[in-house]
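Colleague: Quick one: this structure, given as C-alpha cells, is what I'll be asking you about.
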Amino acid sequence: MELSREWVTVRASIVLTFAVAVLSIVVGLLHISGVSVAGPLSPYIPDIVRQTVGFTGTLTGFAMLASGYALKRGYRVGLYSTAILLPLTGIQGLLQVSVVSLPLVALSIVSIPALVVNRDRFTRTYRPSPTQLAAGTALVTAVGYGTFGSFALREEFTGINSIVDAFYYTVVTASTVGYGDVAPASAIGRMFGISVLVINVAAFAVALGVLLTPAIEAQLSKALGRMTQRQFDLLDGHVLVLGYGDLTEPILEELIERDIEYVVVTDDDRHASRLADRDVAVLAADPSDVGPLETARIGDARAVVVATNDDAEDALAILTARQLNPEVRIVAGATQRENVDKLRRAGADDVISPATLGGHLLVDSAFGADSTAVAEEIMDDEGLGVESAGGDESDDPSDAVDPDEEPPDGEYLDDESPTGNRGENPD
C-alpha cells in the first residue's frame, strides 16, 4: 500500500529515527550485560556474536541519534546517514535474536519507507569550514600515528599484542585516563608514549574546540536571536531588513524565493527568537542604532528595506542607514499615507504606501480591471503609490517641449496665439 504524504510527515520520520536510536541503545546494552530474553533464532547464533552485535548496536544507536538531529535540522547528510543506519539496525536486531530486539527490527523496517517518502524535505547542505576540515584531519592523523606507531613498537610495550590493543592504548593515552594495563617497557617506548600523549591531547583539544564551538554558538544565537560573528564576517551583497512587522513577512518570503541573502535587525526579542527558530538570519538589536547596522555590515549591503508598523521608528532607521552608507538603496513602506513624504525626506529612495496601492487595486478590480495590469500601472505612477527621491522630472530629453515648434491642433503655449490674443484661436 502506497504511503500518503499527508499521513507520513517529516515530523513522523524524525520521531521514528529517534525511536530507533533509543531502542537500539537499550537493546544493545541489554545484550552486553547478558540480560535478554531468548528468541526463536537464539540456538543458531553464538553468544559471542550476540554480544559483539550488542556492542556495535549501541554504537549504531548513538550514531542514529546524531542522524536524527541532522534530520531535525533538515540536512541532506542526515538523510543519507539515516538511510545507511536503518538497515544496519535491522540486521543487528535480527542477529541479537531476542524478544526485545524484535521491536527494533519492526521499527527499522517501518522507518525506511517513511524516510523515502519525505526525502525531498531534507535539502539543507552542510559545508564544513577549512578550519574544521583541518582539525578533523589532525585528529585522525594523531590517532593513526599513535595506533600504528605503538603497534610497530609493540615489543617496547607490555600489553600491546594486536592493532586493537594499540588503538586502545592511543585512545586511553589521548583521553589522559591511563588505566595502566598498557605501559612502555623501555626508553624508546617511553619517548614514543610522550609523543603520543602530547600530539593526541593537543589534537583532541583543538578538534573539540573547532568542531563543537560552531554548534554551541548556533544554539546560543538561536536562544538569543543573534548571528555569530563568523556569519557577520561573511556577509556581502546582502539585503538589510530593518525592523519586523506585518509588512515584513511578505518581504522575507519574496527574498527567500529569489534566493537573496538577507539579515533582519529587530529589537523585539520575541520576533527575533521566532525568526531564529526558522533559521532566519536575525540580529536582536535596535535597527536605528549605529552599532547594530555596522555589525550587520551595512557598508557591504546591496539594499535596505524598512517596513514595520511604526513610521516614526522607520524614519529613525532610515536616517541611521543613510548616514552609514550614503550610496545604498533604501526602500521603505509607509503605514500611514501622510508619512510618505516624511520617510522620503529621511533618506529613503523609494517609499511605497501599501494602503494607497491596495485602495486603487480594490476599486479598479471592482470595476472589472485586470488587477495585475492595475498593479503595474500604479507602481509606474509615482503620484499614486510610490514616492521617489528623484522627483517627477523626466531625464529623457525627448520629453522636453521646443518653444519654437508650433503646437498641434491649434493649442498654444501659455494660451497665447500667434496674433497676440491670449486664449483665442485664429480663424
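From the backbone N, Cα and C atoms, a Cβ is placed for every residue, glycine too.
All TrEMBL annotations are machine predictions without curation.
What TrEMBL shows for this protein is this:
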COMPBIAS  378-417  compositional bias 'Acidic residues'
COMPBIAS  418-427  compositional bias 'Polar residues'
DOMAIN    236-353  domain 'RCK N-terminal'
REGION    378-427  region 'Disordered'
TRANSMEM  12-32  transmembrane segment
TRANSMEM  52-70  transmembrane segment
TRANSMEM  77-95  transmembrane segment
TRANSMEM  101-118  transmembrane segment
TRANSMEM  130-153  transmembrane segment
TRANSMEM  159-179  transmembrane segment
TRANSMEM  191-212  transmembrane segment
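Are these features on the surface or tucked inside, and what are their neighbours?
Modeller: Here the domain 'RCK N-terminal' (236-353) returns a mean pLDDT of 86 for the predicted model.
Residues 17, 20, 24, 27-28, 41, 45, 49-50, 53, 56-57, 60-61, 63-64, 66-71, 101-102, 104-105, 108-109, 111-112, 115, 119, 122, 125-126 of the same chain lie 6+ residues outside the transmembrane segment (77-95) yet bring a C-beta within less than 8 angstroms of a C-beta in it.
Here the transmembrane segment (159-179) has Cβ contacts under 8 Å with residues 142-143, 146-148, 150-151, 193, 196-197, 200-201, 203-204 of the same chain, all six or more residues outside its ends.
Sequence-distant contacts of the transmembrane segment (191-212), counting only residues of its own chain at least 6 positions beyond either end whose CB sits under 8 Å from a CB of the stretch, comprise 131-132, 134-136, 138-139, 141-143, 145-146, 149-150, 153, 156, 170, 173-176, 184.
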Colleague: Under 8 Å between C-beta atoms and at least six residues away from its ends: which parts of the chain pack against the transmembrane segment (52-70)?
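Modeller: Residues 14, 17-18, 20-32, 77-78, 81-82, 85, 88-89, 92-93, 95-96, 126.
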